[in-house]
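**Q** My structure is below; once you've seen it, I'll send some questions.
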Amino acid sequence: MKNKIILLWLLLIVILCTISNVKGCGMTTHNTVARRAYNFSSFDGFEQYQKYVSENFDVFDAGAAFPDFGYDCGGLANESEAAHWPPFLRAATKYLLETYPQPWSLDGIRLAVFLLGVTSHQIADISWHSIGGIQQGLIRAMAGQDFNGTYELAHGNADEGGEFELAYNYDLSWLSDKWYVPITDIKNIFHSMNYPRVDDENLLRCNAILYAGAMGVKIGGRFFYPEIAKKSPFLVDHYQDYFIGGLDDMSIWTSYCWPVLMGWMDGEDIGDFCFIQPDPNNDDDNQHLRLHHKHSILKNGSKIKEALSKSILNEMKITNNGKGVTFSLPNSMEKAINQVLNKFNQNPIGTLLEKYLPNLFNNKNKFYQENENEQYNHDEEELNIIDIDIDIEEEEQEEEEDKPIRMLSKNNNFKNYEYLNDKKKSSSSKLKNKSKKNIIKLNSDSNDLGTNFTTIYGQNMYSYFGKDIRSKDLNGDGFDDLIISSPGFGVPGSMQTGCVYYIISNGSSVTIDGGSGFTSEFDIDQVATGKLCGNETHAKFGWNIDVLDFNLDGIFDIIIGAPSSSNANLQYLGMIYIYLGEKNNPAGEWSTESDLPSITIQGIEYADTIGTVLRVADCNADSNADLILGSPHSAGGGTQRGTVQIFYSSKKRISGIPISLNDADYYGHGEVDYEWFGYEIKVAGQGDSSTLLVGSPNYHDEETAIVNIGKITSFPYNVNLNSFDLNPKFVMVGVNKNDKLGYSYNMVNGSLFGLDNVNDIMVLSLPTRGFGDDFDQVGEVVLIDIDNLSGFVEIKNVNLLLSIKGTTKYSRFGESLLIGKLESTDEFARLFVGAPLWTDSIDTGPGCVFTFLPNQHLTNDPAVLKQNIINNTPVVIYDSTHSIKTFRIDDDSGSSGGRSFNNKRKDSRFGFRILLSDFNNDGKNDLIVSADRDSSKILEGGSINIFQ
């Protein structure tokens, strides 16, 4: 029985291995872009195509993957390349109109839907691969950050890694279990383009490989997620939202371009295609148009893999269906998967694969009799299709009962997660033994917070409600108000125009029950006092927000960033919208001057993407908060070095007069390409003793070539300049790969943690820091006294006051940080740490927020503190249990350690943003946690969760 289970796992793994035979963005990346574009589109004027697609998703999904069919199959690389460009769409549209007169038959409709999928694939590859003049597409940026600028390495890892990112962090249940490919029509289109080698047989076989790979990703691709998470933090963090070539951007551009094709298919002149799409018919474009696909994650070429791949393909069910074929997997595959799932409860996958797979693969003769005379070229990653036997059934033949293919394993409770996460059950003690520092285990609390929080949800798909949150007393009544962004808000045809909501607490219908034992739920429209909305598609209005009195009239103003403004002309300049507040209404309530912005600031150069980071702090020692812009993608004298601009608040800020980015009162930029200077910005201290601290998490040392060590640059205030100096006081850099120093940090006066003799403590998170393979990217949060730092310093030489280490791989422990008191009478502040990718199972999890009382692990005794600094022996807090409980935040229970919160909703990114606010006006601060991809009500609609 044990060997049978292993063989079943091998079948699954071999399906996944076929992923490597596919080029371009991975198959399911293309499927996801196409389906997301369908949801983004209004089909205004082309409503029939929306109906066609909705009734033929099996055709649509096959079309979205199709252009990659021949790169490693049948020697059809040139034909596959041809399917990526506008001439193919022109030829296909001409064939459609000549072959299928209106009203279209089912075969005509299927071909039209298939071509919409093909178009999505073509558009997605442009920005993904930086083709046709696009210089900073996703793979280029990934190479610049994670692969020392080596495009080919990034390319392979992005194409395959995106599949595993999707399978792990997203729900693929929508992906069609059956695919239909219009074989005859596609063959005829290629022949009309003078590609005679494309025939029924190789179209059938090559598309079978595409289908097998897609189903492999859907069923079990999540188990390969650690491969890409380890290699590319960039892909994990920015696969969806990277400004040019991320999932959303590729989907928006597909929705921009579909009307051109639909117009052709409705009889409009077949001419130039979409703006983003370069054209081989244009000589200026032609030299840029070869995709040159290569891969690197899964190594092909082994005969055992090839033999087993053939075996899997032989199990596939292929049915003649009109002018095409339908691909499906038999129910026997479902039964095999069920056996594996049942076995999981007894034998975690980590031990099964670790114990048996090496022997199975090393002893190839058990599965494959090697032919000594056979010559095999390991450099050619091509599946030899000649010997694959595929039986094709006729459509009228009785079929098995349709059942959806089961995925591993959104709804299955796997035991012993630590086996996969840490390899060995005793690995927690391994880390303990490695550390020479005092380790304090965290206490767990049995009280269930699930009965004591209120959730407010976003109102439409992909709205990312809760992407940013702020709390400020807008109307001056002494009560905290909430400002919540939803940069993905929009309607089909005009998606991601974005909205920002504000809730004036004394007028809100939201009430949080303190102990009645139920969870309250609201939609944002039920409780919002008002909202401000953008009108530019895909501008991401609300990506970052903040509040200050910009025109010094005594009334707060709302600042809103829209970093993808000017996307429709591929400039991505970005825009800042400033809504001046007023109290001129009869009731004296706070409102904005208008629903339109009072003042705007626009980016100037390509990829400025201003509005990515907004912060407020006093920057000219006049006790008034000023506006700070961080633009990490901006050129800064190179490529994505990043810039920081500061605009002082002033009575000269007048409604109706835009501000030029060149008129900034302060300007700084990064030094190394892709360092992302300005990703985080804080101001420490006050008045003329203040310091500007700018984070560059992707900074790398060009001499050592260690990537993503990160840095924080400190610029002291210069009284003579009435501004921060351009020469740094200190530059602190990381030392290890993926330290990402500068990703997230906060500043606090030492007295809040009981250290009255320390002025400025930096609470610094290193969310991708790892401690060996067993604890890769578990994250760490450290407390540093920065009072005496100067010059160039490596973090390993900095004396730490406290270290808090995460325990869950790739959880992004420290993505968000918050320091504050629950009650004004509390003597010391708490530290809250967000880990939005945290999980407690083999599957993706909900995310989590941890809270600690640092003062209980620090000392106010100057002698002891001095000795700790001399010995470099900070206290280390470490949770070795993997046991996460929720609890009431006001229930101390005498605990000195940490506790945790989560909303128990998978894939929600709970903990992405956190803040404290007395939202229910009871005199105590409430913890407010955003989960910007919460899909429990609507797909990636997002939510905020309010804990009393």
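Cβ from N, Cα, C; glycine included.
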**Q** Run through ASN749, ASN871 and tell me the one Swiss-Prot describes as N-linked glycosylation site.
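**A** That would be ASN749, per the N-linked glycosylation site annotation in Swiss-Prot.
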**Q** How big is the gap, in Å, between the Cα of ASN78 (N-linked glycosylation site) and that of ASN148 (N-linked glycosylation site), rounded to a whole number?
**A** 31
**Q** Would you say which of the glycosylation sites ASN39, ASN788 has the most Cβ atoms within 10 Å of its own Cβ?
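**A** That would be ASN39, with the most Cβ atoms nearby.
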**Q** Counting distance between Cα atoms, which of the glycosylation sites ASN148, ASN506, ASN535, ASN788 is nearest ASN39 (N-linked glycosylation site)?
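**A** Among ASN148, ASN506, ASN535, ASN788, ASN535.
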**Q** Specify the nearest of the glycosylation sites ASN148, ASN506, ASN749, ASN788 to ASN535 (N-linked glycosylation site), where nearness means the distance between Cα atoms.
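**A** That would be ASN506, the closest of ASN148, ASN506, ASN749, ASN788 to ASN535 (N-linked glycosylation site).
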**Q** Measuring Cα to Cα, how many angstrom lie between ASN749 (N-linked glycosylation site) and ASN148 (N-linked glycosylation site)?
**A** 38
**Q** Across all protein chains in the structure, which of the glycosylation sites ASN535, ASN749 has the highest Cβ count within 10 Å?
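**A** Of the glycosylation sites ASN535, ASN749, the highest Cβ count within 10 Å belongs to ASN749.
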**Q** Sequence gap of 6 or more, C-beta under 8 Å: which same-chain residues meet both conditions with respect to ASN506 (N-linked glycosylation site)?
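**A** Sequence-distant Cβ neighbours: ASN475, ASP477, PHE479, ASN921.
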**Q** Could you count the residues of the repeat 'FG-GAP 6' (895-948) that DSSP puts in helix, in strand and in coil?
**A** 0 helix, 23 strand, 31 coil
